[in-house]
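Undergrad: Annotations for this protein, taken from TrEMBL, read as follows:
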TRANSMEM  12-35  transmembrane segment
TRANSMEM  56-81  transmembrane segment
TRANSMEM  111-130  transmembrane segment
TRANSMEM  142-162  transmembrane segment
TRANSMEM  168-190  transmembrane segment
Amino acid sequence: MADVLTELAVMLLLAVYYAIPAYVANGLAVITGGGKPIDLGRKFRDGRRIFGDGKTIRGFIGGVACGFIAGLIQLLIAPYFNEFIQPLITLYSLNPVISGQYQLIIYTPPLRAFLLALGGLTGDLVGSFIKRRLNLERGRPAPFIDQLDFICFALLFAYFITPISLEYIIILIVLTPVIHLLANIAAYYLKLKSVPW
């Protein structure tokens, strides 16, 4: 049982490590944001804003840049992270999901970092578009849309460069709502967000 839990912990660690550029982009778009909204105040044919004031040009560019930089940092620390995780990988080398993909996950190519960040914030825009169509105001919670839009698009964008196995995708889809909730609660208490969701 302990072996199964350790194996799952390794897979969780690798999955989150893979998605760091998307998480950073999504989280820091709030901090780097402000200024002109991406939709420039335009309305869709239903009379509602396309995205709303919460999605800004500066936030989008800043978030993508921060996610890309996070990926470059991952590339720099990859040898050290590899040294840390290698004993666990060796222990579970019979699991092809771990042994077959850990090098692919650890060494983040700059293009993958960029695509994860870009995909993440594109997904966030799509989620915002859907929320406006559902007549949900900015800041209103939309279960699953808020938590999964960015990670699904990030994985889709990066899939064409470095596809990861279905197991890691499932882990990220299950884990991301929890990470999203904790990050939003932290941002709320740090006065970076007006609501804790």
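Just so it is clear, glycine is given a Cβ too, placed from its N, Cα and C backbone atoms.
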Undergrad: Could you tell me whether the transmembrane segment (56-81) and the transmembrane segment (142-162) are in contact, taking contact to mean 3+ Cβ pairs under 8 Å with a sequence separation of 6 or more?
TA: no
Undergrad: In the same chain, who gets a Cβ under 8 Å from the transmembrane segment (12-35) while lying at least 6 residues past its ends?
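TA: Same-chain residues near the transmembrane segment (12-35) but 6 or more away: 54, 56-71, 74, 81, 85, 98, 101-102, 105-106, 108, 112-114, 116-121, 124, 150-151, 154-155, 164, 168, 171-172, 175-176, 179, 183, 187, 192-193.
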